[in-house]
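Feature annotation from Swiss-Prot assigns region 'Terminal protein domain (TP)' to 1-177; the stated evidence is sequence analysis. Per Swiss-Prot, region 'Spacer' is recorded for 178-346. As annotated by Swiss-Prot, region 'Disordered' applies to 220-258, 292-319. The feature compositional bias 'Low complexity' is assigned by Swiss-Prot to 308-319. Residues annotated as region 'Polymerase/reverse transcriptase domain (RT)' in Swiss-Prot, with sequence analysis given as evidence: 347-690. Annotation source Swiss-Prot lists domain 'Reverse transcriptase' at 357-600. Among the features that Swiss-Prot reports, Mg(2+) binding site is placed at ASP429, ASP551, ASP552, with the record citing sequence analysis.
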Amino acid sequence: MPLSYQHFRKLLLLDDEAGPLEEELPRLADEGLNRRVAEDLNLGNPNVSIPWTHKVGNFTGLYSSTVPVFNPEWQTPSFPDIHLQEDIVDRCKQFVGPLTVNENRRLKLIMPARFYPNVTKYLPLDKGIKPYYPEHVVNHYFQARHYLHTLWKAGILYKRESTHSASFCGSPYSWEQDLQHGRLVFQTSKRHGDKSFCPQSPGILPRSSVGPCIQSQLRKSRLGPQPPQGQLAGRPQGGSGSIRARVHPSPWGTVGVEPSGSGHTHICASSSSSCLHQSAVRKAAYSLISTSKGHSSSGRAVELHHFPPNSSRSQSQGSVPSCWWLQFRNSKPCSEYCLCHIVNLIDDWGPCAEHGEHRIRTPRTPARVTGGVFLVDKNPHNTTESRLVVDFSQFSRGNTRVSWPKFAVPNLQSLTNLLSSNLSWLSLDVSAAFYHLPLHPAAMPHLLVGSSGLSRYVARLSSNSRIINHQHGTMQDLHNSCSRNLYVSLMLLYKTYGRKLHLYSHPIILGFRKIPMGVGLSPFLLAQFTSAICSVVRRAFPHCLAFSYMDDVVLGAKSVQHLESLYAAVTNFLVSLGIHVNPHKTKRWGYSLNFMGYVIGSWGTLPQEHIRQKIKLCFRKLPVNRPIDWKVCQRIVGLLGFAAPFTQCGYPALMPLYACISAKQAFTFSPTYKAFLSQQYLNLYPVARQRSGLCQVFADATPTGWGLAIGHQRMRGTFVSPLPIHTAELLAACFARSRSGAKLIGTDNSVVLSRKYTSFPWLLGCAANWILRGTSFVYVPSALNPADDPSRGRLGLYRPLLRLPYRPTTGRTSLYADSPSVPSHLPDRVHFASPLHVAWRPP
């Protein structure tokens with residue numbers, strides 16, 4: 001007869017009427033019993049002939065793809081002018097005095113952040129915007145382009161202007177102005193009106209002087225992977241290949257690719273016409289994909305071009321119509337859905353390309369992308385705004401993958417010890433936290449996004465037209481892309497974007513200037529940044545608490561009035577550093593803080609209500625006696641694992657599920673196992689904070705017997721059959737807890753100390769977790785353990801009781817000013833006659 005739920009509870013000693021613990025508990029370690037129970041509960045039966053279930057409630061498993069929903073009404077979020085102050089370390093020093101080693105190190109990491117991948121794969125521009133929504137191709141294209149344009153305008157992206165130069169908006173940082181190691185000095189060239197531009201201005205080296213000496217010095221600079229000929233050295237006169245031969249090698253780095261004539265005609269001409277000509281010519285050059293536009297000769301790091309406003313006159317007035325969009329103007333309509341009807345709607349479509357306020361030299365940047373982008377809902381609660389997803393997963397795959405740095409996240413117990421108190425809480429919302437952290441320009445060539453332009457994108461996706469060679473578009477090729485769908489989409493988009501349609505239909509390549517979300521380095525850098533800032537705030541206000549996890553910052557103070565004044569002071573401090581706090585999204589929590597999915601109050605920690613609801617729903621939908629695909633099990637375990645520490649039996653109760661997932665087998669829930677789990681998750685017990693105290697109770701065991709020292713009392717017992725040592729130590733700890741009721745037990749076993757009972761026999765792990773819930777352990781070396789003698793059967797010899805103080809841990813979150821120094825990477829040699837055993841002093 002299969003095991004009933006009541007019987008199973010009795011077996012696990014979850015009921016009160018169980019026999020004496022010293023007899024019952026060792027039985028649960030018996031392998032035979034564990035195997036019989038597993039068979040009864042149908043836990044280890046992988047060979048099932050029934051087809052697997054691939055969906056349970058909202059959890060989908062193998063062979064199912066969730067189709068993302070496209071929203072044509074998505075709003076692009078606005079990004080404030082985010083500019084983290086460069087002298088952030090000095091500002092923190094003014095605020096709190098000298099910084100600790102840890103804070104200094106963390107802030108240096110992000111000013112600027114550097115990124116050195118092992119290998120970078122460059123993808124064609126067609127892969128820039130992912131065809132994630134096949135039904136809404138054009139719509140998605142323009143929304144994504146608009147999002148990218150918004151990011152560029154907000155100073156979050158660089159725009160690639162040529163192989164070696166890029167432009168950007170916003171305030172420049174010092175590393176964007178001087179070349180590495182101060183070799184070449186930064187000069188600003190303000191080009192206003194008709195002022196002619198002096199060819200020999202200081203800091204601009206004439207071509208001949210950029211000689212091999214500087215080339216070789218530059219080659220050693222740490223700007224990441226170098227082009228072979230010295231990163232900023234001018235190419236040999238005349239360039240190489242037919243494309244570059246048309247680039248006139250002028251010493252002052254003019255933009256513009258001219259067929260002939262002298263190099264500085266653009267500069268001396270009036271700005272408006274020069275810009276006009278440049279944009280026309282630049283368009284012509286664009287189709288030749290990789291043109292180096294004379295910039296390789298300029299010796300400056302950044303030229304700050306201030307383009308006058310009147311320069312954005314339309315290019316359609318008499319200049320070369322090399323632009324796909326404007327060519328429709330002069331062509332005959334091919335049908336009633338021809339694009340020329342749209343292009344003829346207005347005369348002035350604006351410029352073909354926009355240029356940033358500042359220009360910067362970059363390492364060689366190919367006209368390619370390294371990751372694709374697509375849009376999704378901003379979050380499950382906000383579907384009106386979109387969020388840009390950037391896929392730079394190439395850096396995390398294959399043999400050349402980058403191993404991202406690890407960083408400490410406080411576990412549940414540390415978090416509770418830290419935040420469970422009678423303080424009042426509020427949480428701050430940092431808007432676009434990732435986009436605060438600046439990246440070194442050398443990383444730009446590795447983090448490129450962009451698009452190939454509307455014509456290529458549409459041609460790529462429409463089955464009836466082949467990809468056209470756009471070097472010389474003939475009229476026939478031009479109309480290949482006309483279709484009813486495109487026409488209707490563009491007419492609707494014209495209402496939204498107006499003449500920007502023209503700008504967005506051009507190809508563009510953008511590199512990140514601030515850290516993007518799709519790279520494994522970003523969470524690490526953000527965590528370092530916010531934890532350093534919180535550390536500074538904690539030291540400035542020692543009677544308050546500030547804590548952060550990624551972009552979630554919480555403040556706690558003794559009273560509400562105190563909290564409000566703290567909030568004002570901290571917000572002003574953050575704003576002075578250039579951090580954007582969104583005051584509308586500040587949440588005041590009262591005494592129970594909602595943080596990282598938990599509710600934390602003075603009584604301890606519990607999961608938030610929405611997680612409890614999800615768990616209830618999960619059990620309601622969970623089928624019995626049907627094999628469930630392991631991918632679904634993985635998602636179920638993800639949800640249940642989060643709340644496991646709040647149940648009686650904890651993680652060990654989920655072990656059968658873990659085992660089937662790692663074997664990639666289907667799992668069948670028997671009615672008893674399902675009833676057991678749902679009962680476990682019905683009543684959740686808070687995880688309380690640990691208190692410091694003196695340890696008075698000690699446990700020890702040998703494979704054959706156990707011993708306890710409770711105050712001045714000694715006890716011992718033997719096991720019916722010898723047990724593995726870790727199992728014996730765990731049993732001894734359970735006996736100590738049940739005999740003495742002490743919350744603090746001394747043990748010399750590291751596995752018991754770690755409180756992870758998942759590797760023990762399943763039934764024992766579940767029972768021990770319940771018995772030892774809320775117990776803290778203190779390490780005591782065997783030589784000094786008072787319970788050592790009783791466990792070996794000797795009751796006569798008394799070792800004096802130790803005075804072992806216990807301090808609860810807050811993980812690696814140091815709340816005190818003296819943060820630990822950085823450990824050296826080479827550990828000191830540990831001698832076998834360890835000082836711990838010889839001259840051991842209580843911690």
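In case you wondered, yes, glycine gets a Cβ from its N, Cα and C as well.
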Point to revise | Helix, strand or coil at ASP552 (Mg(2+) binding site) [DSSP, three-state] | key: strand
Check your understanding: When DSSP states are folded down to helix, strand and coil, where does ASP429 (Mg(2+) binding site) land?
Key -> strand
Study note, to complete from the structure: ASP429 (Mg(2+) binding site), Cβ-centred 10 Å count of other Cβ atoms over all protein chains shown, is 16
Point to revise | Tertiary neighbours of ASP551 (Mg(2+) binding site) (same chain, Cβ under 8 Å, six or more apart) | key: ASP429, VAL430, ALA433, PHE434, LEU526, THR530
Check your understanding: How does the model score the region 'Polymerase/reverse transcriptase domain (RT)' (347-690) in terms of mean pLDDT?
Key -> 85
Practice item. Report the same-chain neighbours of ASP552 (Mg(2+) binding site): residues 6+ apart in sequence with Cβ closer than 8 Å to its Cβ, ordered by sequence. Key: SER427, PHE595, MET596
Exercise for review: Around the recorded Mg(2+) site, report the further residues of that chain (criterion: Cβ within 8 Å of the mean position of the Cβ atoms of ASP429, ASP551, ASP552; site residues excluded), sequence-ordered.
Suggested key: SER427, LEU428, VAL430, ALA433, SER548, MET550, VAL553
